[in-house]
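Q: So that we are looking at the same thing, I have put the structure below in structure tokens.
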Amino acid sequence: MLDEDVSALFSHAMPKHEIGALRFLQEHPEYDGRGVKICIFDTGVDPGAAGLQVTTDGKPKIIDIIDCTGSGDVDTSRVEKADADGCIAGASGRKLQLNSGWKNPTGEWRVGCKHVYGLVSRGLVGRLKEERKRKWEETQRGAIAEAVAALAKFDKDTPASKLGSDPEAKKERAELEARVVALKDLAKSYEDPGPLIDAVVWHDGAAWRAALDTSSLHPPGSGAGALADFVPLTNYADEHKYGTFSELDACNFVLNILDGGRTLSVVVDCGAHGTHVAGITAAHFPEDPGSNGIAPGAQIISCKIGDTRLGSMETGTGVVRGLIAARQHGAHLINMSYGEPTTTPNAGRFIELATELVRKHNVIFVASAGNAGPALTTVGAPGGTSSALFGVGAYVSPQLAAAGHSVLEAPAEGLQYNWSSRGPTADGHTGVAFSAPGGAIAPVPQWTQQRRQLMNGTSMSSPNACGGIALLLSGLLATGGAVAPHRLRRALENTATPLGGSAPDAVLTYGRGLIQIDAAWEYLMADGVPPAAASPTAAGPWYEVEATCAEGRGPRGRGIYMREPHESAKPQSYRVSVTPKLNEDAATSARLDVEDRLVLEPSVPWVSCPPALMVHSAGRSFDVLVDPSRLPPGLHYGEVVAYEVEARARGPLFRLPVTLIKPLAVPLAATAYGAAAAAAATAAAGGNGSSGSSSGSSSSSTNVGTVSLGPLSFTAGSEFRAFVAVPPGATWAEMTLRAGPYDTPKLYLLRGTQLRPDSSYRQHELRTQVTLSGGSEYNTSWEVVGACTLELTLAQFWTSAGASQLETVELSFYGLELGAEGGSGSRPGTDLALDGSELARKVLVTAPAWSRATRIRAEAKLTHLNIPLRPSDSSLEPLTAARDALTEGRVVYRLLLTYKTTVGEAGKYKPCLPLINHQIYDSPLESQLLLVSDGATRQLLSTQDAGPEPVTLKKGSEVVLRLALRHDSQEVLDKMRALPLVLKRVLDGSGVAVPVYASRRDAILAAGGAGGAPAGDMLLRAGDVAPLWLGPLSEDRLPKDATPGRLLTGTLTLGQLKRGGGAAPHKFRISYLVPPAPAASAASGGGNGNGGGKDDAAAERTPEEKLSEAVRDAQIKLLKDLKLSDAPQAALYDKLLSELTSAHPGHLPLLTEHLKKLDGREAAVRNTAAGLAAVVAAADAVIGAVDAAALAAFYGVKGGDDTPEYRRTKKDMDERKGALVDALARKATALMEAEELVAEEQKKQEKGAAAAPAAAEAKPEAQEGEAAPQEGEPAAAVPAEVTAAAPEVKPAAAPDAVGACMQELRKWVDTATEAPHLLLHARVEARAMRYAAALKALDKLLGSDDKAATGAAARRDISDMKAKLYAALGWGHWEAQERELQAVRFPKDLPPM
């Protein structure tokens, strides 16, 4: 191939000629997008990407870059003042040096901080983590080598005899060995929280400015990334400047200052997708025109709607703010290469606002149709489901396949990508408006480390079409023509190149075909474009069409869609309304001018309609008859087309799409029921239900519930679809594919799709792909809905070259029906709600009358516990920021709901809002956002939107869930202040098994503990009914947090697969209401049945003794409540303590309470030499009051008989042991802290002594009459009052005092393993410089449920201690990581909403 041929070939990697864009530009080179502003709703656009710098006429390519999601928001409301050195305290806690050249008239510096990993895309996070870990591992290997060397040196220098006889040597070696083990174990738990950057915002007198300190992204000590070296940025729209975090990441960002400096928006793309889309639309390469986007002269506005916190998932807030930004920036076009399945097409708050933008403000909205094909009705919202948007399908030409995809064998002619979504929508609209090339090699962000990249999808076809439309708009703007979205749509649809031939799914696949920009321009010029200055109504009306079934409730929609078996069983009549629509502020005269004389023509003989219709502004209605009686099974498509009588050449003004499906009937059993169904199936037979080049037929086999659709032939990209009426009562399907004899493996897409009201296609869909070699077999199964049409779609993937055959395509249906009855068998039920109070629930399992024999094996499991929550707090506020400002003075309100709980068990918890979850575009609310945080530390645990995700929580964790709902109706949100939230915990293991019995007798025996026989396997014939009893469920098998009234949910599996064995995919949903807890046994504790202990002792005391003890206990309780920080209360405390000590000497509860009181005083008092000495003295008093020898004697022998006397003695001994252990632990802690005080004071004195000679040398000689300080006198530099007020530091405890105390403590508890003492053990080990042993104890503590590891302050203290231990060991890389983790785990505030 010649070089020029290769160059021409690669130009097809940015496809333009397919849509006539090159021809248009050759004729009109100046209409290359100039003057057109395009909003890119996507993941964000890299301002430094190739081809996105300038337009063809030298203007900035990117007008503005906006984060509409708020994921990059930094709270900069905190104000700092610079110190004398020009430094401020950053929000991270770091000291930041300001640049002396920065102007700040007010002197107010606003600070905030943000983790880099919370700003950049997950792909970049992965690369950064790999690079950072590589560098970290270098340091880690060095640390391990040093630790191993130290151990080896010890072994070399220490004789074995000494190791055996010297306990200290043995401990030293154990510590060295533990350090090696610790380093290796730590590497397994390595966690990179990412760098933390500081942000500073200020006003320089003319504009807001911002700077970042990115030093944490650079090598330590390099000085790079310092705040003072940052070139300040202002809002991108003002100066079009951006920054780069570091050379390592090559990630560009922009800064926007919002809310008067209180919020800094750090805008970073959350993926390469948005830059790629922008490049297709409008990239400009002056040096390489062949790589240009479709409209290189256009400018773009980047609206980031993908939320970085959600991994680039769009949010309602993001897309609505995008609409606001489009309006504020005067955008002409929007491209949105995003979308989701929807339950209700053309409905939802976002759809309303987007339609308003299109209809009232003439903004053209282009969007991807979706990538969920090749099954029908898979178009996504908003592009494929909304009337006001242009939904674009994805087409691949032979040239694009060769140049872009580099396929081995390019298709002979263009075709639709198999994954491109298909229409119609659930309400009958075609869904796909038209198609455009769906792949390109286009620019990507610099952080990807490449200039361009191949991507494909309707995400690429949409910007291709958008760029083409921008060419048309450029021409209209240049010639002064008006921009009317509906006229452009009509021009594009009526001039598109039809694709798919006469196939019934052609329009549903390609829309009107492949758009042709040059032909659309000619159409517009011939049609007559009104001037831009003309009235908004000069472009004429657009038409809203709605069809309603005349019989019964029937479907209502923008087209006619007859899919289910009953809908195609007979002719159906529809009432169709047509309403011309003008701008809402159109004058009456303009409405009077609407009088369209239309010719109505059906495109197929099985659709009938009137021949003519005159339509005025109020609209008209007419009837349409659809007669499927003579049609064969399969897909059929037709239209009612409306032309103007005087201007048929303009093409249709509107179309009413009619999609009709006649499903194949399934052979049923020869029962009375089955015979009638079989007769109906025979009457309906007569076609193969296929589309494309493949064939299929209804089986004439006697196999019950089975249809055979093979053999089928395929080529690359070919598709087969069949429609089957699933028998009533069927609950699952099994399918077998057997490949014919072909050479190379082939990739097949397999879809099994059913539609249900108010549900998206994803809720009832088999979606998989399989690679089959010649002669191989594949079996699969999936859940189905009975009496509902199933579309089975098979496609050989378009890049899977060569011909293939599927010799067998067999689809079989099976079913089991379930009816529930109450526990008595007399109260019928409608679901499987089990009430634990009823013990058991009877259910009836029925095999449908048409089915073959079905084997069942009952297995019931409860898998989730529902924990309902109500908001503990709510606030409703208007959002007045510019980015939230709707038109016409409308205000968006935000309802913030706060839920709080403490989880009783560790596990995965999913926060669910069943009513509003799983809705984005079809939601009546603008948005929902849920932040899950640790209630103690404020650490952000999860960010969620419409789709609930599980969050892992520890036992005893405090959780705060904050839900933000947005809408412009204050009344709507106010009614939702008490919205419940359900926290669903996934039960451990496989859940809780619910016993299933075959008879009531077995269930009763099981309830009585006699062990009834569980139900075994059963074989049900057609029509058989079998009873089963679910429960009783033993109380001790319930989770501990399944408190009375809570609901457990799970599934009941019955059917068994015919092929391959195992449980059928269909599961019945069950729930279990936890009954009231059983009353405690009156005889618990044995003996005399009085419960033991307290009552035994009370029976032997006189009333006078009881009164004296009650008074004493009340006084001790008062001591506990008194505050020692209050002088009068402290005096009362001393008086009471003295009286009680005199009256009850050695009373252990009194001594214990006094110890706790002193040990719990405020730090300023307790953490002094005197305060710690008081704690030690109080601990000694407790220790002295306990007879340790008596305790040892009691616990050293086997427990006696369970008598009242033994129980009383044991209780007393347990209390004394607990008091002794607590006192010893507190004493050891206080002794160590006293040692630390002395050490700190000694350091201060040594530092002062070192500074004294230098001060003496610098001091001038004493003047006459001035006495110089003599030796031993305090220096004059220290004020006398300070010296006098300094607290006296008492001598430290004897060096072995702590050791002796710990030795005594370890007689009673194992401090190295028992959670309440692990922190003390770690401190003791650290004191002995056994740092690795201390770390081991701390890690064990953090893994426990002990309260010492659950509180925020305790966890922070443990983290600080670990960091200090790492520093003491010389493991700086671990110390640095621990400090970085602290910023994530212990934020100062909850994250902003």
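From the backbone N, Cα and C atoms, a Cβ is placed for every residue, glycine too.
Just so you know, TrEMBL annotations are computer predictions that nobody has curated.
From TrEMBL, here are the annotated features:
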type	residues	note
ACT_SITE	ASP42	active site, charge relay system
ACT_SITE	HIS273	active site, charge relay system
ACT_SITE	SER459	active site, charge relay system
COMPBIAS	1093-1109	compositional bias 'Basic and acidic residues'
COMPBIAS	1248-1257	compositional bias 'Low complexity'
COMPBIAS	1265-1277	compositional bias 'Low complexity'
DOMAIN	33-511	domain 'Peptidase S8/S53'
DOMAIN	557-661	domain 'Tripeptidyl-peptidase II first Ig-like'
DOMAIN	720-802	domain 'Tripeptidyl-peptidase II galactose-binding'
DOMAIN	852-1042	domain 'Tripeptidyl peptidase II second Ig-like'
REGION	1081-1109	region 'Disordered'
REGION	1239-1277	region 'Disordered'
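Map the listed features onto the structure and describe their local environment.
A: For ASP42 (active site, charge relay system), other Cβ atoms within 10 Å of its Cβ number 29.
Counting every protein chain shown, the number of other Cβ atoms lying within 10 Å of the Cβ of HIS273 (active site, charge relay system) is 24.
With a 10 A radius on its CB, SER459 (active site, charge relay system) counts 27 other CB atoms from all the protein chains.
Here the domain 'Peptidase S8/S53' (33-511) returns a mean pLDDT of 96 for the predicted model.
Each residue of the domain 'Tripeptidyl-peptidase II galactose-binding' (720-802) gets a DSSP state, and the totals for helix, strand and coil are 4 helix, 45 strand, 34 coil.
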Q: Between SER459 (active site, charge relay system) and HIS273 (active site, charge relay system), what C-alpha distance do you get in Å?
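A: Checking the Cα atoms of SER459 (active site, charge relay system) and HIS273 (active site, charge relay system) gives a distance of 8 Å.
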Q: Quick one: Cα separation, ASP42 (active site, charge relay system) versus HIS273 (active site, charge relay system), in Å?
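A: Between the alpha carbons of ASP42 (active site, charge relay system) and HIS273 (active site, charge relay system) there are 7 Å.
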Q: Could you tell me how many residues in the domain 'Tripeptidyl-peptidase II first Ig-like' (557-661) are helical, how many are strand and how many are coil under DSSP?
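A: Grouping H, G, I as helix and E, B as strand yields 8 helix, 55 strand, 42 coil.
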